[in-house]
Ligand code: NAD
C-alpha cells in the first residue's frame, strides 16, 4: 500500500483521498483554503456528497486519513502526490492551468526524494509534459542534489459523477493510468491494488492518451445529451414522443440507453468546460472538432429554448411581466450542491429579464445559488420547501429532478398555484397523471 498526498480537497480531491484511504493507503489531503481544512479537521464535510461523510469518518478513525494546509510536509511524507485542483475555463475556452502549475512547482520545492506526481485534474493533452518541465525547473533551482531526486508524472483522469462520487470511485467502469516508467506503473498498481485485484478494467497508456481519454469521454457524453435534446425539440414539432424514441434507441446495444434523457441542457463543472477545452485543443492542432463545436452552441440554445417554452406556455410574448414562477431545483443535477454552469442560472436570468419573479428551492444548493444569482437577486426569493415556493405562483417549473420533487402531491400543488400550469423540464411526470388533475402540462419532446 502506498503513502499518498492529495492536493486539493474539492469534489474530486476529497472523494479520491477518502476512498484511496479506504483502499488501505495512508492519505493526507492538502488544501490551501484554511477554512476547508479547519472544517475537515473538526469532522465536517465542506461539500454535499452522499456517503462521503461515512468514508471520511471511518478512515480518519483508522488513522489512514488526515488533513493539512502544509503541502511541504504532506509531500515529504508521501511516495505518490495527486494533483486534484480545479482547471476552470480561461477567457479563450482553454483550461486554465494556473492551479496545476502552482501545485507542481510546490511539490518540486518540497520533495526530498523520488516521487510519482499524478495528475487527476482534467487537463489538456500535453499538460503532463508541462508538469514535468515546471518541476524540473524548480528542482534545478535547488541545485544538483535536488535535481537528482528523480520523479515520474502520471496521468490518472477521474470519471466520478457528483451525487454518486463515492460509489463511482469505489466501483469505476475503468481506471486509466498514463505513465512512462515501470516504477511509476508499479506504484500506481499499489495505489489501486484493491480495484486491480478485483479485476476492474485497468488501462495503461502513455500520458497523452490518458489525457485525451478524459476529454473524449466527456465530449462524447455531451454530444449524446445534445443529440437527444435536438431530437426532443423535433419530436415536439412532429407529434412524436422522445421518451419512447430514446427507450427504443437505447435498446440497441451499439447506442445504449444512458444519457438519452432530454432536458434543459447540460451543465455542471465538467461538460461545459471540457467540451470548450476539447474544441480549443482541436482548433489549436488544426483538427477542428466540428461536432463538439456544434454541441456547445446547441446546448446554449437549449437553455434559452426553455425560457421561450415557458413564455410561450404562459401566453406568449410579454406574458411573463409581473408573473411569479416557482422553480423546483437549482443544482445542475440532483444530489449535489454544485451550481457551476447549472442551466437554472441561465433560465432564471432569462425569465427575470422577461419580467418574471422567481420563488426557488433546492435541498442543497441554495447557498451556492444565492451568490451565483446575485445579478437578479431582487427578483428571486429562496424558499425552504417545494410547497412554499409554489404559494401564489403563476406556474411551476421542475428544473432539477431531486427525489422529493418526483412525487408531488398534485392536489396540494393545485391549491397553492394561482394557475395550474406545470413545466416539467426533466420529463419526470406522466402527461395523463398531471392533466387528469386539471393541469396544463408542458414537457420536453413529448
Ligand atoms: P473544486 O474546485 O471542487 O476543488 C479544487 C480544490 O483545490 C479547492 O478546494 C481549492 O481550494 C484547492 N486548491 C486550489 N489551489 C490549491 C493549491 N495550490 N494547493 C492546495 N489546494 C488547492 O474542483 P473539483 O470539482 O474537485 O475538480 C478538480 C478537477 O477534477 C478539475 O480539473 C475537474 O475538471 C476534474 N474533475 C471534476 C469532476 C467533478 O465531478 N467535479 C469529475 C471528474 C474530474
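Glycine is treated like the rest: Cβ placed from N, Cα and C.
Quantities reported herein were computed from a predicted structural model and do not represent experimental measurements.
Look at TrEMBL and you will find 31, 36, 87, 122, 162, 273, 340 tagged as NAD(+) binding site. When secondary structure is read from DSSP and collapsed to three states, residue 36 (NAD(+) binding site) falls in the helix class.
Residues or ranges marked as substrate binding site by TrEMBL: 159, 160, 161, 162, 214, 259, 260, 261, 262, 263, 267, 333. Around the Cβ of residue 262 (substrate binding site), the same chain contributes 228, 229, 231, 232, 242, 246, 427, 444, 445, each under 8 angstroms and 6 or more positions distant in sequence. DSSP classifies residue 262 (substrate binding site) as coil under the three-state reduction.
Its Cβ taken as reference, residue 270 (active site, nucleophile) is surrounded by 24 other Cβ atoms within 10 Å in the chains shown. Residues annotated as active site, nucleophile in TrEMBL: 270.
Summarising the annotation, TrEMBL assigns domain 'UDP-glucose/GDP-mannose dehydrogenase C-terminal' to 326-431. Confidence for the domain 'UDP-glucose/GDP-mannose dehydrogenase C-terminal' (326-431), expressed as mean pLDDT, is 98.
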Result for ligand 1 contact check over binding-site residues 214, 260, 262, 267, 340 with Cβ cutoff under 6 A is none
In whole Å, the longest Cα-Cα distance within the recorded substrate binders 159, 160, 161, 162, 214, 259, 260, 261, 262, 263, 267, 333 is 24
By Cα geometry, the one of the recorded positions (36, 87, 122, 270, 340) nearest residue 214 (substrate binding site) is 122
Running the binding-site residues 159, 161, 267 through a 10 angstrom C-alpha radius around residue 31 (NAD(+) binding site) leaves none
